[in-house]
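Engineer: Sequence annotations record features per position, and here Swiss-Prot assigns FAD binding site to 148-180. Per Swiss-Prot, the feature domain 'FAD-binding FR-type' maps to 38-142. According to Swiss-Prot, the transmembrane segment annotation covers 7-27.
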């Protein structure tokens with residue numbers, strides 16, 4: 001009987017315990033993207049939330065409920081669309097993080113009538129799929145890699161900024177300060193405003209956001225008015241002399257070119273056309 005009891009214990013340890021671990025604790029999260037792969041994978045649209053007349057948040061499903069996209073913070077994916085028999089690609093930064101999202105990922109997309117990939121995404125119906133590959137990009141945010149991040153965003157260029165801010169807000173050990181200047185045309189164009197304000201509420205001593213509008217629709221608008229100029233950057237973002245500071249820029253090409261010149265005028269080191277992680281001014 002003693003031998004049978006010993007055998008039973010061995011069976012429990014070898015067979016039963018691993019099964020309990022698997023079903024009680026759950027399967028290990030699996031990253032779907034592989035930087036070593038160069039082929040595109042298909043993911044179905046499972047939800048679409050309309051934010052403005054031409055901008056929506058798109059949620060795409062991953063193969064399994066416990067999968068994560070596998071995208072380092074600050075990097076982007078490449079989306080492919082076949083337009084008139086020709087493959088066209090564009091880069092997008094998901095707003096979701098592996099740390100807080102399983103089974104899906106989210107994209108903030110503004111669709112243009114004359115756009116290629118953005119128009120294709122805007123016409124997707126639930127169940128339709130997109131083809132993506134990645135991760136790609138020269139920026140990979142890590143905890144406390146900078147003491148102060150100055151961010152300049154325009155329109156959907158808020159996506160990588162929001163992703164980085166959310167990562168900082170969720171990490172109790174990350175003490176990085178963030179100052180964001182977010183430019184738009186009208187107040188209704190300010191994307192993710194509630195979500196951004198929620199992040200500020202999580203770390204009010206670290207986060208500061210200033211909104212600028214080209215054309216305010218009301219006289220009591222409390223934010224800034226006009227373009228994001230050198231004076232705006234000087235007033236709201238950290239100076240070039242601040243230790244371990246970095247400026248991040250993402251938005252329409254004209255805005256990016258303008259603020260990039262302004263940062264050089266303000267003493268920041270001029271970056272090369274293709275930004276690198278170590279640059280004092282990084283353009284997504």
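Numbers here mean position along the shown chain, with the first residue as 1.
Placed from the backbone N, Cα and C atoms, the Cβ positions cover glycine too.
Could you give the neighbours, burial and distances for every feature on this list?
Structural biologist: Counting every protein chain shown, the Cβ of residue 163 (FAD binding site) has 22 other Cβ atoms within 10 Å. According to DSSP, residue 163 (FAD binding site) sits within a helical segment.
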Engineer: Taking every protein chain shown into account, which of the binding-site residues 148, 173 has the largest tally of Cβ atoms within 10 Å of its Cβ?
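Structural biologist: Within the set of binding-site residues, the most crowded position is 148.
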Engineer: If you count Cβ atoms within 10 Å of each one, which of the binding-site residues 158, 168, 178 comes out on top?
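Structural biologist: Max Cβ neighbours within 10 Å, all protein chains included: 158.
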